[in-house]
Ligand SMILES: Nc1ncnc2c1ncn2[C@@H]1O[C@H](COP(=O)(O)OP(=O)(O)OP(=O)(O)O)[C@@H](O)[C@H]1O
């Protein structure tokens, strides 16, 4: 059967998959193009804020429908989310003075996003690994208080060791020094960890860790522009910020707000990375732009910032990252690692 026929057949069959709020997946506006190749089937479901879990059963059902029709093809159905922003940076605040560097750290590159759920943490971890692959002594600090995921992405468990003088010894994973704000949280505590507690927790992790001489520390920021960002940028010299976005997440207004905050806080914007940008069929190697093409590049141009590269939507990125085996470390010769390494090289070129 021709691939387009199977694609149409799957779409029709998705008419039997119910979605939250009524209706079916075939008629749902957030369903991407259904890519069918001789060896694979891939499509994505874009959902609105807070609906990722609710759409889980629909995704599982869609996966089954596609698998039943697709025979031995490998099936990937992803949910891509656009979560609500964190609290906004107040307008009119003065550009702060008195920023300092972190002891034992030459350069800091932060990774942020206008919105959550765009793959910011996955990108941050793989960029840090790619910087290490360029020969730099690299580390990563997980500042995403509202959803720390770096420990899972790097397969780290437990709290970091604390020396007698109260200084943290960071975890080590895949050649990276790693600290996560997740280690500071008691389960269920995150909600009340706002404002001063959150910022002092971050400060402690950043300043009271024995980084042991790093060329570059990557900081995985929370999404949006909130207290953590303001405190970090007020107190610390951050050499630049990378903004991660998905193609359908390119509501320019969000990226614009994040960039506006960075500019007013005198933090350089290093550029935009487009994540889950295109799908590469594992069998044919062909590229498919399932949500259209060129959005992030155009957005970068109109925002006046560099476009740093596009990361494909690949099943192995999700599966391996969620299992603590990020592709840059575990499959360094693969196409996924190459995409992250291209971004890292552009960063090395733009941060002295
Ligand atoms: N390029 C990719 N291809 C396939 N899956 C991806 C890709 N990038 C990220 N993912 C998956 O998307 C999900 C969300 O990624 P991640 O946790 O990095 O997002 P985030 O923006 O940091 O989210 P949050 O705002 O909740 O912290 C994860 O399951 C991850 O494995």
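Easy rule for this one: first residue shown is 1, then count along the chain.
The backbone N, Cα and C atoms fix where each Cβ goes, glycine too.
Automatic, uncurated: that is what TrEMBL annotation is.
Values in this document were obtained by computation on a predicted structure and should not be read as measured data.
Here's what TrEMBL has on this protein:
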type: BINDING; residues: 114, 115, 116, 117, 118, 119, 120, 121; note: ATP binding site
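Proximity of the binding-site residues 114, 115, 119 to ligand 1, judged by a Cβ distance under 6 angstroms to any of its atoms, singles out 119 in sequence order.
Here the Cβ of residue 119 (ATP binding site) has 23 other Cβ atoms within 10 Å, regardless of which shown protein chain they belong to. Within the same chain, the residues at least 6 positions away from residue 120 (ATP binding site) whose Cβ sits under 8 Å from its Cβ are 111, 112, 113, 144, 220, 221, 223, 244, 275, listed in sequence order. Other Cβ atoms within 10 Å of the Cβ of residue 121 (ATP binding site), summed over all protein chains shown, number 25. If you count neighbouring Cβ atoms within 10 Å for each of the binding-site residues 114, 116, the highest count belongs to 114.
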